[in-house]
Amino acid sequence: MKIQLIAVGTKMPDWVEKGYQEYARRFPKEMQLELLEINAGKRGKNADIKRILKKEGELTLAAIPKGNKIVTLEVTGQAWTTEQLADEMGKWQLDARNISLLIGGPEGLAPECITKSEQRWSLSALTLPHPLVRVIVAESLYRAFTLTINHPYHRE
């Protein structure tokens, strides 16, 4: 199974790339984690945020391979413990589809992305910076994966 993290925004700080790669490289070939970055619209003093969000949504949806299960990351989604995430990942594997996890930009995800999602996941009720979310998601997925294979990474 491949988990494709589709995230709005490019040119992330070096620590974001290093943090994400630290966990992505730990996955085995049968459970790959891949990052696809979507160009964020240019924001300025007089930017039309609705238009920018719509364009980001179109680019995000166009990047999703046909047949992938779409999971959005948003504050109104379902909060999972590590054990629950491991269970969800097990269900994803049984579904025999690849996963596209969508992360929005500074204003979140376009409504069209949320409408198309089959599942909604909330990392926290807190507002998190979208670059940090990449690292948290990669680590959370890796931690949950290690539970499914009885690897000692996760401690209770």
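Cβ from N, Cα, C; glycine included.
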Candidates G41, G44, G104, the one Swiss-Prot lists with L73, L123, S124, A125, L126, T127, L128 as binding S-adenosyl-L-methionine: G104
Highest Cβ count within 10 Å among the binding-site residues L73, A125, L126: which residue is it? L73
Give me the count of other Cβ atoms within 10 A of the Cβ belonging to L128 (S-adenosyl-L-methionine binding site). 13
